[in-house]
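According to TrEMBL, the feature DNA-binding region maps to A:16-55. Under the heading NAD(+) binding site, TrEMBL lists A:Gly90, A:Ala91, A:Gly92, A:Asn93, A:Leu94, A:Gly95. If you look up TrEMBL, you'll see A:79-180 marked as domain 'CoA-binding'.
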2 protein chains.
Amino acid sequence: MTERQISQAVIRRLPRYYRYLGELLENGVERISSNDLSKKMKVTASQIRQDLNNFGGFGQQGYGYNVKYLYTEIGKILGLDKTHNIVIIGAGNLGQALANYAAFERSGFLLKGIFDINPTLKGMTIRDVPIRMMEELPEFVQNNDIEIAALTIPKTKAVEVAELLVDNGVRAIWNFAHTDLNLPKNVIVENVHLSESLMRLSYNVNRYNYFNAKE
Amino acid sequence: MTERQISQAVIRRLPRYYRYLGELLENGVERISSNDLSKKMKVTASQIRQDLNNFGGFGQQGYGYNVKYLYTEIGKILGLDKTHNIVIIGAGNLGQALANYAAFERSGFLLKGIFDINPTLKGMTIRDVPIRMMEELPEFVQNNDIEIAALTIPKTKAVEVAELLVDNGVRAIWNFAHTDLNLPKNVIVENVHLSESLMRLSYNVNRYNYFNAKE
């Protein structure tokens, strides 16, 4: 691997390639041309070739891509061949939804702990993982090699808890709290702001209404 | 409003402007320069001016932006001054998390119904909204002016249910199922693919590991 800078736009598309290739594999497809992959994914064939060339390219002119090889290689680029220990902070509906999502485990994300401040949840388990109280968090994170934390707590607490996590060695935050976290540059933050997603939907619905009303 | 094409990149940033302006309002800030807004949001001031100029601009040279006015106007652009009737399909943890998220209501998204196939959930309510069975869906959508449906069901059922919704008048899908929906062009789809988000996080964690190991 070279130190070449891969644009976030490419990285944004890789998981989608991975998903499509996984579906092809499930359907027993062994080889696919960039044209066919392009039609399936509604991305241009040249876009696909360009994207994959960032990683050295995986196709052979005229032969198309070996689906299994490409799937495996993209998995490696995405780090899915390694395991990552993850904790979830906040055992509300969203935290429970994430905890119950078994597919994460298949991609190498191992749920090690769930934390909450609500004492009535103490000792309950989700998929055999016990819910612990926040006081235990610092020691737990240090002792269990926790790399990633999912934050599904209200925004008022999110900044403080994120700092606590980072101070204890967490290096990536999957942030569902509706606020930006101001963390050191070497900490990776992936935001999922659901209300912003809903606003984009709202914008597009209204824009559609507007143009249709005019016609 | 003109028919000028606004790029999706701008639309992607608007909800974030809206959130920051809302926080300024809560803190009693009446006026802000694009420079100060820029520092707060970590976007360049010229980016902010450019983005807002797409909608006619809202600032006055040397005076900065009137926070309340700008907040209100961006809200209008996003369609948040109107109400939208929404249903949630799938009353699992994720569906329940969305149903319980009261902030949506404040932005004009009115939860009218929750649907599931599990008969043991029938008649249960979430925030006074009853969970109904899927058989009732077509009539309910037609009779209650449902514009938006959130899909929090497994991918195996998502395509079929999305088509049913669209056939009955739904015009926008907030898709949490891990698949692409192939719907008519006039149907708006906003995807929230959580596992792809986690893969981007994984990519960045691994990339960071790689470069740090080299140093």
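Here the Cβ of each residue, glycine as well, is placed from N, Cα and C on the backbone.
Cβ neighbour count for A:Gly90 (NAD(+) binding site) (all protein chains, 10 Å cutoff from its Cβ): 25. By a Cβ separation below 8 angstroms, chain B lies close to these of the binding-site residues A:Gly90, A:Ala91, A:Gly92, A:Asn93: A:Gly92, A:Asn93. Fewest Cβ neighbours within 10 Å among the binding-site residues A:Gly92, A:Gly95: that distinction goes to A:Gly92. Summed and averaged per residue, pLDDT over the domain 'CoA-binding' (A:79-180) gives 94. Around A:Leu94 (NAD(+) binding site), a 10 Å sphere centred on its CB holds 24 further CB atoms from the protein chains shown. Shown in sequence order, the list is empty: the chain has no residue 6+ apart in sequence with a C-beta less than 8 angstroms from the C-beta of A:Asn93 (NAD(+) binding site).
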